[in-house]
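Straight from Swiss-Prot, the features:
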type	residues	note
DOMAIN	62-97	domain 'EF-hand 1'
BINDING	D75, D77, N79, E86	Ca(2+) 1 binding site
DOMAIN	98-133	domain 'EF-hand 2'
BINDING	D111, D113, S115, H117, E122	Ca(2+) 2 binding site
Amino acid sequence: MGAGNTKLSKEEINELIKKTNYTKDQIDKLSKDYNEYSSKDKKSGFTESEFIDFFYCRFRDWDKDLLIQLFKLFDTDCNGILDFKEFVTSLYIMTKAPVVEKLSLLFDLFDKDQSGHLEVDEVEKLIGVAVACGTSLGMDYSGVTNYVFSICSAENMSNKKKGMNKEEFIKAASNSDKFCKMICFYDSMGQMLY
């Protein structure tokens, strides 16, 4: 799959519909957008730079390294290109997925060393991104800061030396979808798909 070639079998389309809750018409729209944006460099699929350009409007408060890490998480076959299924799945996780799925991905994104725990520097990065995104969305700075600190506080960690594990992070942040919205993982408005 890739630029100009997002033809999926009926079974693959049905699988995407079931997995993502997108309709057939939405899958068709995503296919058109994928073909348009992924063909800029004449390579097959979404490259890292095309991914960053495409998602910059949503993640303008994220630094480039974090966007590269996000790309790598979605590039499940590790070939440096997002094929159409990976692209649709990435949009689903960022917009329509249940809060727990979004939080699981966010944990993996910020657990840069893949230790299974968010250490101090990783938590600081998470807090910085959440505060920047939240305030750019019009949320009160002190309210955003206090909320994020309450999620990442030592009270929510069973092993304060190692840091917060994935289960603890999800439990602390999943009381509502507020944290996901703050970090720009929110369902799009109206008819927009991303």
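Residue numbers in this text run from 1 along the chain shown.
Cβ coordinates are placed from backbone N, Cα and C, and glycine is handled just like the others.
Locations of recorded Swiss-Prot features on the structure.
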residue	record	Cβ contacts under 8 Å, 6 or more apart
D75	Ca(2+) 1 binding site	I81, L82, E86
D77	Ca(2+) 1 binding site	D83, E86
N79	Ca(2+) 1 binding site	none
D111	Ca(2+) 2 binding site	H117, L118, E122, K166
D113	Ca(2+) 2 binding site	E119, E122
S115	Ca(2+) 2 binding site	K162, G163
Within the domain 'EF-hand 1' (62-97), residues counted as helix, strand or coil by DSSP: 23 helix, 2 strand, 11 coil
H117 (Ca(2+) 2 binding site): secondary structure state under DSSP, collapsed to three categories: strand
Conformational class of E122 (Ca(2+) 2 binding site) under the three-state DSSP mapping: helix
Additional residues around Ca(2+) 2, ordered along the sequence, whose Cβ is within 8 Å of the centroid of D111, D113, S115, H117, E122: F110, K112, Q114, G116, L118, E119, G163
Secondary-structure category, per DSSP, in which D111 (Ca(2+) 2 binding site) falls: coil
Cβ packing number for E86 (Ca(2+) 1 binding site), 10 Å threshold: 20
Other residues, Cβ within 8 Å of D75, D77, N79, E86 Cβ centroid (Ca(2+) 1 site): F74, T76, C78, G80, I81, L82, D83
Count of other CB atoms lying within 10 Å of the CB belonging to H117 (Ca(2+) 2 binding site): 20
Neighbour count (Cβ, 10 Å) for E122 (Ca(2+) 2 binding site): 20
